[in-house]
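Over in TrEMBL, the protein carries these features:
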- GLU271: active site, charge relay system (ACT_SITE)
- ASP275: active site, charge relay system (ACT_SITE)
- SER475: active site, charge relay system (ACT_SITE)
- 199-563: domain 'Peptidase S53' (DOMAIN)
- 1-19: signal peptide (SIGNAL)
Amino acid sequence: MNTLLTFSLPLLFSSLVWSGYLEYDQDVLIPDDWNHGGRVDPTDQLELTFALKQQNSNLLESILGLVSDPDSGLYGKYLTLDEVSSLVRPSKLTQKVVHHWLQSHGITNCLTVHTQDFLQCSMTAAVAEKLLPGSNFHRYTRDGHSVVRSSAPYSVHDDVHEHLDFVGGLHRLPPKGQDLSQASSHREMKQSEAEVHLGVTPAILRARYNLTAADVGTAQNNSQAVAQFLEQYYSPADLAEFMGMYGRSFQHLSQVDRVVGTQGEGKAGIEASLDVEYIMSTGANISTWVFTNPGRHESQEPFLQWMILLSNMSDLPWVHTISYGDDEDSLSTAYMMRINIEFMKAGVRGVSLLFASGDSGAGCRHVGKENSFRPSFPASSPYVTTVGGTSFKNPFKVTYEVTDYISGGGFSNVFKIPDYQASAVDGYLKTAAATLPPQAYFNTSGRAYPDLAALSDNYWVVINKVPVPWVSGTSASTPVVGGMLSLINDQRLLQGLPVLGFLNPRLYKLKGKAMFDVTEGCHLSCLDKQVQGQGFCAAPSWDPVTGWGTPNYPELLAALLAE
């Protein structure tokens, strides 16, 4: 039987019958800031990632709901990587069909992962274009960074179509990093007329969120991580300098415990420095990892590489903070749906994934003469915790907080509203009905974000040995919230309790308890006659600019320690 199958498959796949576009709605246009470097040589090696269809994704979602719901008898009863593997592993038929398809094109150099739902294969560009009809590989460069992508949509043979979710390495260019030092340039002008305010440092954050010098990690089995995908690196010397300057009042670590991936050479990046310095000063004295993957190969997608790593590591930090996002409409639904399953796989293992909500407010998409708001992914995923941004009401003092106008937020156009937030969002839509933007701009039935927020304006960061002010963005607020959740995990572990895992079901059950509610300010959106640059506005309780507000740490700790 096996011999017959192997013999007939090459004949089957050599047929020109193909119609299977896995990612028919993927944006394949190359943005203007990438320079075209021409067609790749047919003999150039590519590395492509094949996402094999998984089993039991509905059951996985049910389990995530149960282990994340404090009212469930299964709360905190997380799965091991082996258990996740046996749940989602592709069927034997799927594995057989995909392997034979690849082998029939002479592709044998493939690596799999523990969960067997990804295959990473090397092949020449000529073989890739034959394997994936329609694909057309070119080289593109931006800021000295080179990638290889297809300028046209790809398809797969009908016989494998039902066994694959997507193929990675053809589309999705790395997004351009925010210029975080410019995010508050107009505020700098406004503030410099008076006495210069020192800006946000670890001491200011501890004062605002009521952390004491005693609020540091002590549990042996606790850890946290930041993940970075841009061509950016943190500098160990900068981290040590930062902690020496700003960490004197509390016990802390001055070194990252583990770097997963390759730290590049050259100058440190603001974003990378910001992430590491603030998760380690807020989640102080807790073992910290850095996942860094600038894309080891030109044809790899760095974010996807990180997701694959999570599927292959049995030992992971409990909290991950990620400052990364793409416009929802630039990604295929198939890709986002599969990435959601990857988020669920992390959640059922007790891992908390925190994503920055973005720095474009509600965003704006121009389609013909019409405008609409532009949600961001993964911020819009129902299976992650999304963090927005705030500013001090008085920029010179530790006061109450108002909306940071850049804070990303809104409603997904792809994912429906999850049960855990339905009543909170319904409450907002009713309360704010009179001031809401026109209905044509957003999808009232979509997953709404962010879930909570923290200060995102005017941070001090040490970069290349120099303290730099005016650094702003939700890439600042996200590691701060992540550090606080790590401290809460620390206390839970010391009491023999499971870690928090996927936070949202529990967070929404608190209904704003233990949070500083943010009720002032709006964020930015489309500059047109109808909305005039204004998106959504903060309101009492939950809102799509700052979520439930910002953490009052001792109260949040008490609420999340209560069993």
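Indices start at 1 and increase along the chain as displayed.
Placement of Cβ uses the backbone N, Cα and C atoms for every residue, glycine included.
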Determine the Cβ neighbour count for SER475 (active site, charge relay system): the number of other Cβ atoms within 10 Å of its Cβ.
32
How does the model score the domain 'Peptidase S53' (199-563) in terms of mean pLDDT?
93
What is the total of other Cβ atoms whose distance to the Cβ of GLU271 (active site, charge relay system) is within 10 Å?
27
